[in-house]
Amino acid sequence: MKKILIVDDESNIRLGLNKCLAKEGYYIEEASNGEEALQLIYNKKYDLILMDVQMPELNGFDVLKRIRKFGNSTRVIMMTAFGTVEMAVDSMKIGAVDFLSKPFTISKVRDVVKEVLDKDMNILRVDKDISRYIEEARDAIFNKDYDKAKFCLKEALVNDSSSAEIQNLLGVIEEKTGDRQLAQKYYRAALSLDPTYEPADNNLKRTAMFNSFSSKVDLG
């Protein structure tokens, strides 16, 4: 049975996540703050940690930095009510495997947790340059394997958080999977990094059109 630690200072969030994930057969433990989480993580083994970013005294980023510093490689999904693309990038740069923006649906949490736990991260995590990750992501998008594409891009993002190309491809994935609003955020993030990057500009303009799905997505 997979063991998950939920770290959040809001009891209603912990309760909701606990009920949702326990129904899926996971063993759940909870921590209400960063210090409590550290004590549990140092003394127990977890398969996954769901951790809020905004907590008093010791926030989620600080907890993640500390456990990585001491060599703990437990997979961590960060959660926040104030999610931005930049925050997601920062969390992955310090070792998170994914990022959830509140409010999230039960189905979204369930799907992300299953995706993270089912995937053997070591299969893909080998020495590759960024261009190789991007190439694999493009192939995966073409084959509609969006989970693999997203994983490859997040790995690339850890090494280069200033790539407009990566942000654009993340937007393409969100658009392909039906989240146009999040796709547009990624396209805007790409343009903020490189205002001359035409694929992101094309995609942003196209998604603003009423009949945008009749036009071709620009992979760059």
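In case you wondered, yes, glycine gets a Cβ from its N, Cα and C as well.
Note that the structure is a prediction, hence the values are computed from the model and not measured.
Features reported for this protein in TrEMBL:
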DOMAIN    3-117  domain 'Response regulatory'
MOD_RES   D52  4-aspartylphosphate
REPEAT    164-197  repeat 'TPR'
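Counting only same-chain residues at least 6 apart in sequence, those with a Cβ under 8 Å from the Cβ of D52 (4-aspartylphosphate) are V7, D8, D9, E10, I13, G60, M78, M79, T80. Averaged over the repeat 'TPR' (164-197), the predicted model has a pLDDT of 91. Helix, strand and coil counts under DSSP for the domain 'Response regulatory' (3-117) come to 53 helix, 25 strand, 37 coil. Across the repeat 'TPR' (164-197), the DSSP tally of helix, strand and coil residues reads 27 helix, 0 strand, 7 coil.
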